[in-house]
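Undergrad: I grabbed these lines from TrEMBL:
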DOMAIN    278-448  domain 'DNA primase large subunit C-terminal'
BINDING   CYS287, CYS367, CYS384, CYS424  [4Fe-4S] cluster binding site
REGION    463-508  region 'Disordered'
COMPBIAS  466-479  compositional bias 'Polar residues'
COMPBIAS  480-493  compositional bias 'Low complexity'
COMPBIAS  494-508  compositional bias 'Acidic residues'
Amino acid sequence: MEFSSRMRQKYARLAGDRRELYPHSLQFYLEPPTESISLVEFESFAIDRLRLLKIVENLGVSYLKNADSYKTKLENELRKLKFPYKALAEDDYEARRKDHISHFILRLAYCQSEDLRRWFLQQEMDLFRYRFTQLTESLMQKFLEHVNLSFEAISEDLKKELENELCASTPGLSLPKVKEQMFYKVGLADAVDLFRTRRVFIKDGFAYVPFKEIDVIVLNNFRTKLSKALALTARSLPSIQSDERLQPLLNHLSHSYVGPDYSVQKNTGKISLEQIDALSVKSFPLCMRQLHRALRDSHHLRHGGRMQYGLFLKGIGLTLEQALEFWKKEFIRGKVDADKFDKGYAYSIRHNYGKEGKRTDYTPYSCMKIIMSNPPSQGDYHGCPFRHSDPELLKQKLQSYKIPPSGITQILELVKGMHFQLACQKYFELTHDVDDIGFSLNHPNQYFTESQKLLNGGRELKKELSNSGNSQQKNNTQESMNSNSTPTSSNTTDDTELEGLEAYFTED
Ligand code: SF4
């Protein structure tokens, strides 16, 4: 589905102004929207929120969440994408409406699996935390009342009576600070996070929470509500799945990549087959480097690998003729003879280039698609190594690619936090000797393009490889060339979405 062009279309508003629905710049998203909206607006809102949540994820691992730089960058992005960015901004009805509707659309798309739910919840929590902490004290109070979370402030007399305990049990609060702060009496269930980390005074089944920690309570409440809501939404999936307009859209969103789809190959014909070995070391993301290595070693890739790698190679510029040659040369070095290749595999390559079947020009897979769908089984090499590899194996692989130990630790930390694309960005930085990748990685072909730009000083892909690059790349290139004396390979694919192609892949 082409989101980018549609986004430029004018929104078709189907409902009138409902300003009273959004008294605050932030929401708990308790009530789903009830107005009718056009599909154009539906798509556009959803894509913008997805962009926003990806930015939230990116900033969350690059900056301290309470740092000014984090707040400034997030505010800028919210402003750019036309979401509410300021607690007291007047006349931001459109932004608040967009915030409300887009949250519920992505909730539908991201309730579909445990992984998706976890990712969505985390980003929404971070976004909410930022917005809540931007509120003034009086706006916080108003908001809490609005969402029925107004906690009872303890009296000055009780505070005086408990001041020593409050001071001793609340890290960071001296006695004079205790006197200044308002304390709230909160049920233990709401204060679990503070209780668990020993940051609050407990008495008779209540936590005495200082105002400065109230965001933890609110966040906890928001998480519980959203988590339940996601589980409930997931249960209603069968009815959503029967809606033929919505289902493809939601599926697309949950695998979505917000950027060019790399279906138009600017570089078509600019790559020679002889370059692929070296390019795989210098400019391929880890997923494609792994597939290339496996293809070279076993002279075969199973269905999922041929799909993922074949479309990637198409995206970086291999022509149909080159693809046929690349895959054929490699396959006939294994167990497939030329005749079998022509009958069984060549069709699918032509299919991917839109020369067979429905004549659709298939696009390379985005990271989200690779990460979220069709996980590899034993004997498969497709998927995202940051998502699908055992951490110990990933570590060994990174060591063999000469990534420094500190870099490996950083990557593994990101993987542990389920930030797979950010782990890949870190891999890019480490293999290209740059401190900041300067873009948000969403697509393997984007990785390739950015790598080439960097290595070639911003110029288009060169026909011949430059010998420049950092020493690690040079070493790895040498290593690769030494272990791969065969000069060429080839490119094939078919697509799980392609009709009637499975028959051509019985020898998977
Ligand atoms: Fe490939 Fe994307 Fe995973 Fe990187 S994050 S290895 S580009 S799928």
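Cβ atoms are placed via backbone N, Cα and C, with glycine included.
TrEMBL does not curate its annotations; it predicts them automatically.
The shown structure was predicted, so the numbers you read here are calculated from the model rather than taken from an experiment.
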Undergrad: Out of these binding-site residues, CYS287, CYS367, CYS384, CYS424, which one has the fewest other C-beta atoms within 10 Å of its own C-beta?
TA: CYS367
Undergrad: Take the domain 'DNA primase large subunit C-terminal' (278-448) and average the pLDDT across it for me.
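TA: Mean model confidence (pLDDT) across the domain 'DNA primase large subunit C-terminal' (278-448) is 92.
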Undergrad: An 8 Å radius from the center of the CYS287, CYS367, CYS384, CYS424 Cβ atoms defines the neighbourhood of the [4Fe-4S] cluster site; name the other residues of that chain inside it, in order.
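TA: Residues close to the [4Fe-4S] cluster site, other than CYS287, CYS367, CYS384, CYS424: PRO285, LEU286, ILE370, ILE371, PRO385, PHE386, ARG387, PHE420, GLN421, PRO444.
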